[in-house]
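Visitor: Sharing a structure here in structure tokens format.
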Amino acid sequence: MYHLWIKCLAAWIFLKRFNGVHVMHAKAPMYPNEPFLVFWNAPTTQCRLRYKVDLDLKTFHIVANANDTLSGSAVTIFYPTHLGIYPHIDDRGHFFHGIIPQNESLTKHLDKSKSDINRIIPLKTFHGLGVIDWENWRPQWDRNWGNKNVYRNRSIQFARDLHPELSENKIRRLAKAEYEKAAKSFMRDTLLLAEEMRPDGYWGYYLYPDCQNYDYKTKGDQYTGKCPDIEMSRNDQLLWLWRESTALFPNVYLEIILRSSDNALKFVHHRLKESMRIASMAREDYALPVFVYARPFYAYTFEPLTQEDLVTTVGETAAMGAAGIVFWGSMQYASTVDSCQKVKKYMNGPLGRYIINVTTAAKICSHALCRKNGRCVRKHSDSNAFLHLFPESFRIMVHANATEKKVIVKGKLELENLIYLRENFMCQCYQGWQGLYCEEYSIKDIRKI
């Protein structure tokens, strides 16, 4: 009886300490002792090769492809025309491959996809991010609103042509069922093929999950940022997709209307919160790694994020427990020498220094709190605790000469710093480790790895 009471007390302390939140194990980081990674996924090759402008990505510990290409060993993104025969209508109204998934051969698509993967990712030991960017239609019928409604209309006409004898209600039901079945097969089987061919990669679809919390334009001060219940329910229905994914790739692109506003943080926070929820429900043994797509400039502009919005995007992403952030950019970044210099100036200023701040702080917390065997995650997801270097204890120093540039972080973690981390963060242990501070081997988890 005494031992039972002790066990109950320990369980109560555990739940109270961690706010009653069950934290699943995490997959070990892509690179050892790097709990939070920053990737560069912008086509800035011309800056280096044509304009001789080095963006100094390595200086600030940013993971990038060779020569800063859009696709390579670190991250490869597949657009609609790059992988298989993806049926869709493009932004200019051009039709491709039967338009709707039920009107195209899945077998032909997978055969072409196999060839494309071998061509674009020749390395069979590919260990980077494999991102499939299919945004033209969504696999759920009810989510094809607005300009995507054309896929519903085409599906209805397709069913009507095949079954003219059916009533209109039956045709609509049939169209929905056939569309969702074919869309699911296209997305699921493409993912399975990619994972079979390049099993060490981190595979998933860009903008999945989404939570459709874009109503900041109409709500103003009434905006909460919360994902609508119906959208969270629809995400639950995509369990088949989450189970086959090996990573999630949501986005937190900020429009300029959100610049340095409370709404920006609400927008980002709830998108991340939903992504972490999905990551924890996909599998029984570990939470999927979440790599969050962001832009270093406001969407549809060439204006850099403010310091406040760097915290809102990069800082919030790290504090919520994501595995990393991926900076996406357009051809505009490398369109002229002036564009390249603008990106470089921002990189050598607020952007680069903040990246060093957060990635180093995440590593320090992992070392100090989680014995290097886990990553630090907010105890209370809605708190304003961030993984930042303590300014009274650490300094970021940049040393440059004619041939190279180095960033050095000097300082040490003081007792009061450690107390702050323990009060505000908890450990999400990597597979193979357990305990409050990931200090114990977990034989059960090791066998699953």
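Easy rule for this one: first residue shown is 1, then count along the chain.
Keep in mind that glycine also has a Cβ here, set from the backbone N, Cα and C atoms.
Here the structure is a predicted model, which means the values were calculated and not measured.
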Visitor: In Swiss-Prot, Cys376 is paired in a disulfide bond with which of Cys340, Cys365?
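Guide: Recorded partner, per Swiss-Prot: Cys365.
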Visitor: Which one of these disulfide-bonded residues has the most other Cβ atoms within 10 Å of its own Cβ: Cys227, Cys376?
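Guide: Most Cβ neighbours within 10 Å: Cys376.
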Visitor: Please count the residues of the domain 'EGF-like' (427-438) that DSSP assigns to helix (H, G, I), strand (E, B) and coil.
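Guide: Computed counts for the domain 'EGF-like' (427-438) are 0 helix, 6 strand, 6 coil.
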Visitor: I need the nearest neighbour of Cys429 (disulfide bond) among the recorded positions Cys47, Cys227, Cys340, Asn357, Cys370, using C-alpha distances.
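Guide: If we rank Cys47, Cys227, Cys340, Asn357, Cys370 by Cα distance to Cys429 (disulfide bond), first place goes to Cys370.
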Visitor: Please work out the mean pLDDT for the residues of the domain 'EGF-like' (427-438).
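Guide: Looking only at the domain 'EGF-like' (427-438), pLDDT averages out to 97.
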Visitor: Going by Cα-Cα distance, which of the recorded positions (Cys227, Cys340, Asn357) sits nearest to Asn153 (N-linked glycosylation site)?
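Guide: Closest recorded candidate to Asn153 (N-linked glycosylation site) by Cα: Cys227.
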Visitor: For the glycosylation sites listed here, Asn103, Asn153, Asn357, which shows the highest count of neighbouring CB atoms within 10 A?
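Guide: Counting every other Cβ within 10 Å of each candidate, the maximum falls on Asn357.
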